[in-house]
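Encoded as structure tokens, the structure appears first; notes follow it.
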Amino acid sequence: MRVTTQQLIQWKQQKRSIVALTAWDYAIAQILDAAGVDLILVGDSMSVVLGYETTLPITLDEMLYHAKAVRRAVKRAFLVVDLPFGTYQDIQQAMNSAVRVLKETGAQAVKLEGGYPAMIETIARLVQAGIPVMGHVGLTPQSIHQIGLRQQGKTQEDSERILNQAIALEQAGVFAIVLEHITADLAMQITQKLSIPTIGIGAGVHCDGQVLVTSDVLGLSEKQPPFAKVYTNLRETINKAVQDYSVEVREKKFPHN
Ligand code: KIV
Ligand code: NA
């Protein structure tokens with residue numbers, strides 16, 4: 001049975017931490033789903049495995065192509081797809097993009113960055129149209145050329161602004177919110193204030209769940225953000241396998257007969 005938005009909210013009430021990771025293809029998604037990951041995000045952070053320097057160039061068609069591959073693998077996890085930069089900046093465009101994601105990929109929800117008034121209005125309209133939306137505040141990487149990649153919410157004023165955005169997003173009807181790279185204290189306040197789950201990345205231990213970029217977790221990214229944890233170094237593992245294979249081919253040791 002698939003995880004639902006109701007299930008995610010119930011887990012918050014039960015204080016059962018939500019485990020989330022990103023996926024970009026069938027093989028990775030199959031491994032994560034079978035391992036029991038609760039929520040899989042086809043994040044625009046897959047820009048990393050596609051060789052883009054930021055999340056700005058990735059297109060809706062690229063997101064759809066990868067989301068379809070991920071969907072074919074997912075049996076249990078709740079599946080969310082990011083709307084990429086420039087595909088939801090007015091209401092009609094957001095509606096068209098979100099509908100394409102749900103119709104063409106079979107994902108259960110979309111995620112949009114930002115909590116400023118125009119985005120709140122857009123998100124409220126999507127929710128009213130029956131589209132489950134996940135919010136994302138704090139560090140929003142699609143705004144890199146305005147805010148950089150530094151931690152957000154460090155001043156009292158900025159911290160209040162982010163708290164108010166999170167409250168407005170809940171009122172607009174999002175079923176969960178990603179809190180990225182904000183202080184643990186602010187994330188705790190937001191988590192206590194809201195009745196929908198907060199999913200943190202670089203936002204401390206008090207969130208209702210955690211998400212990381214899977215290419216960071218696996219050591220596939222060329223560089224990781226300071227809050228990521230590299231659980232295994234696949235770059236080294238793959239390099240070793242390729243070196244071993246190359247030696248065996250060159251020395252006529254493979255194939256074995
Ligand atoms: O694209 C992504 O991976 C994300 C997560 C960092 C939440 O948006
Ligand atoms: Na993203």
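Cβ coordinates are placed from backbone N, Cα and C, and glycine is handled just like the others.
TrEMBL annotations: computationally assigned, not manually curated.
Residues annotated as active site, proton acceptor in TrEMBL: Glu180. Glu180 (active site, proton acceptor) falls within a strand segment according to DSSP.
Look at TrEMBL and you will find Asp44, Asp82, Glu113 tagged as Mg(2+) binding site. Long-range neighbours of Asp44 (Mg(2+) binding site) (same chain, six or more residues apart, CB within less than 8 Å of its CB): Thr55, Ile58, Met63, Asp82, Pro84, Phe85, Pro141, Gln142.
The 3-methyl-2-oxobutanoate binding site feature in TrEMBL is assigned to Asp44, Ser45, Asp82, Lys111. Secondary structure at Asp44 (Mg(2+) binding site), as computed by DSSP, is helix.
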All chains considered, the count of other Cβ atoms within 10 Å of the Cβ of Glu113 (Mg(2+) binding site) is 23
Residues sitting within 8 A of the centre of the Asp44, Ser45, Asp82, Lys111 CB atoms (3-methyl-2-oxobutanoate site), not counting those, run Thr22, Leu41, Val42, Gly43, Met46, Thr55, Met63, Val81, Leu83, Pro84, Glu113, His136
Neighbour-count leader, CB within 10 A, recorded positions: Ser45, Asp82, Lys111, Glu180
Asp82
Determine the recorded positions, out of Ser45, Asp82, Glu113, Glu180, lying near ligand 2 in the sense that the CB is under 6 Å from one of its atoms, and give them in sequence order.
Ser45, Asp82
